[in-house]
């Protein structure tokens, strides 16, 4: 029989009466609080701030590569290998720093790591505009890449404040900010390049980072990190702040302080529970970046040739000429860059629709399979229109698979190693981005079909790897401690019995 109960106001430190106790015996975890508070005004603000980091620190700085390289090639008369090195050095910086930023975020906090990486990128991004010679801009852009390697930690911080039902959709929608950032960069280039030149483009492109650096003072530290590091009071204050902004009540009881443990240790990624998951994720992230950036390079080659079958004959014609002419980017080139970027929106929408229906693992596998199938269809001597459709479908799905990996990776690792796990995966992605120009440009000169087989085969293997991941994180909360069985904290409050029994349905086999 349910009876009407009057609200009771308890003094600080007073015991909660048993009839008011929650199913976890007067205690709750951060996961319980995040789920109880739900999605509200605070998460909307956090979405905008995280999206700004993604757009200004990641998308814009990466888009500059496709605009700066041809400009310097003409202005400084750089040979092709130096132009390629200008792009590669950014990926080298990102690859070398991804693990470091993950370690810093696990050791000293997500907010700390993110602020340092943003300020680092802002400083060296502005300095790049004053580079007097090629060697200086090479070093400075490498240092910019070093700072960009810390941007994925914004996803770690973001994910740790999101309730289970909203997590996948919100992280996927970050891709919208990526597209906005790239479109803004192209429009900025259209306005700045003809009059002020590439130096002002680099300086103005770094300024949005200043806005994010200011907004970082509003960002709270992750409550999950604070609890893990033993700072219970700060975690409770953060949760109360979120509850106040969302207009939702805090859970009753006392916040559990997780067992303090070493954070940011590489060996934690290779414990028996996570060894296989880590290795498979590294290959998945490698394949994603390898295929995505390879497709971007191949698109230019295919469009210039008209179709795949014309590549070899066009190469022979080019080798027979001795031309010192230099072509700057035209308005039509900028328009093509815009269309290529906008083609990623369908991939995000499809991924957004299926990721909570079929799960993270199957979504990644499907994305790789569709990309591989479209790559094989390029063997046919199709016309320009069909070629465009195949390339756009392939890019849409490989970009959607990338976002699915960004959803899955923070969900599968515990709080102690979440940032490091995402950082090492991001580092492996940069390895793929470093290698892919040698396939998409160098190998393409020898054999178009062998190049397509490499990309198609790599994605087929990645699809298999996605299916073999031991853990499906769909419908699960974020794991707090690596000392507990995976799945013990993952099923949320709905699976707890009044006696506090746990469900093992999510434990790794």
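Cβ coordinates are placed from backbone N, Cα and C, and glycine is handled just like the others.
Any TrEMBL annotation is an automated prediction that lacks curation.
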Correct range for transmembrane segment (source TrEMBL, candidates 171-192, 237-258, 303-324): 171-192
Recorded stretch, among 46-69, 198-219, 452-471, maximising Cβ pairs under 8 Å relative to the transmembrane segment (273-293): 452-471
Highest-contact recorded stretch vs the transmembrane segment (46-69), from 81-104, 198-219, 386-408, CB pairs under 8 Å: 198-219
Proximity verdict for the transmembrane segment (198-219) and the transmembrane segment (452-471), three or more C-beta pairs under 8 Å: no
Among the ranges 81-104, 171-192, 363-380, 386-408, 420-440, the one whose Cβ pairs under 8 Å to the transmembrane segment (116-137) are most numerous: 81-104
Proximity of the transmembrane segment (363-380) to the transmembrane segment (420-440), 3+ C-beta pairs under 8 angstroms: no
